[in-house]
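Enquirer: Handing you this structure, nothing more for now.
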Amino acid sequence: MKDILLGVNVDHIATLRQARGTSYPDPVHAASVAEHAGADGITIHLREDRRHINDRDVEVMARTLQTRMNLEMAVTEEMLTIAAGIKPEFCCLVPEKREELTTEGGLDVAGQLDKVTDAVRRLQSHGTTVSLFIDADIVQIDAAKATGATFIEIHTGQYAEAENEQEMHAELVRLIKGIEYADSIGLKVNAGHGLTYFNVKPIAAIPQVIELNIGHAIIARAAIDGLDKAVRDMKKLMLEARAMKLDPLSTHSVYGGVKAKP
Ligand SMILES: CC(=O)[C@@H](O)[C@H](O)COP(=O)(O)O
Ligand SMILES: NCC(=O)COP(=O)(O)O
């Protein structure tokens, strides 16, 4: 069984910087620390409103990353033009609403198939591998395949936001069914959003998952333990789950309890 990969999202290092408009902390530096600690790639989300990652961060990381860039972006002309210049190794197309606190769901590929297909083709023409951030929904998975994208990233937000273990288990079953189906039709499958040290193992145990993209929980842990340790601890949990060949559905013992109420 293949090892599972960790993409560290450093958006929220930039959130801290933007809070005061300072030049620190620098997500470029954080990305280097994360790579040294074992990140297999760095994910950054260049949002239309630049609330955290900005154009300078993308341009510098394009030259300094030692692993690979996964540039998350909306399906817009502005972002496609930026990506044509940057030529990231990976690009993940995500939905974006200015008023959202964070990503709220998967990209509606089926409802805009021609637009997404054109974006996939344009990105691939620059040598970028394209992933589509979608819900574990058969219709969206089939649409993602139809666009010519080689990867999807399954949105794990509803699993992460589960209010109790029954709901979490039901969400896990839904994710596994979608991931298995996507793999069966030849898509490569990543996963991400809302994953933490307490809920990551069942997702990491799903054998078809290639990479987990994790940010908020790692950066939050880094505020207490430091980024090097936060990355190493997350990677260790993921590799343990994969090495133990855990059955994702019988891993109640690895649940660290459902999402604590804010
Ligand atoms: C697509 C996704 O789930 C995240 O990678 C995204 O970056 C979340 O947006 P924020 O980082 O702005 O919370
Ligand atoms: N695509 C998911 C990602 O990059 C990080 O999401 P989160 O861990 O910050 O919720």
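Including glycine, each Cβ sits where the backbone N, Cα and C put it.
Whatever TrEMBL says is automated annotation, not expert-curated.
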Enquirer: The 1-deoxy-D-xylulose 5-phosphate site in TrEMBL lists Asp11, His12, Arg47, His52. Which one of Thr67, Thr81, Thr102 belongs there according to the record?
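Expert: Within the candidate list, TrEMBL flags Thr102.
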Enquirer: Can you grab the distance from Thr102 (1-deoxy-D-xylulose 5-phosphate binding site) over to Arg20 (3-amino-2-oxopropyl phosphate binding site)? Cα atoms, rounded to a whole Å.
Expert: 20
Enquirer: Enumerate same-chain residues with a sequence separation of six or more from Arg47 (1-deoxy-D-xylulose 5-phosphate binding site) and a Cβ-Cβ distance below 8 A; give 'none' if the list is empty.
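Expert: Result: Ile53, Ala74, Glu96.
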Enquirer: Compile a sequence-ordered list of residues in the same chain as His52 (1-deoxy-D-xylulose 5-phosphate binding site), six or more apart from it, whose Cβ lies below 8 A from its Cβ; state 'none' when nothing qualifies.
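Expert: The answer is Asp11, His12, Ala14, Thr15, Arg17, Gln18, Pro27, His45.
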Enquirer: Just to be sure I understand the packing, how many Cβ atoms besides its own are within 10 Å of the Cβ of His45 (active site, proton acceptor)?
Expert: 25
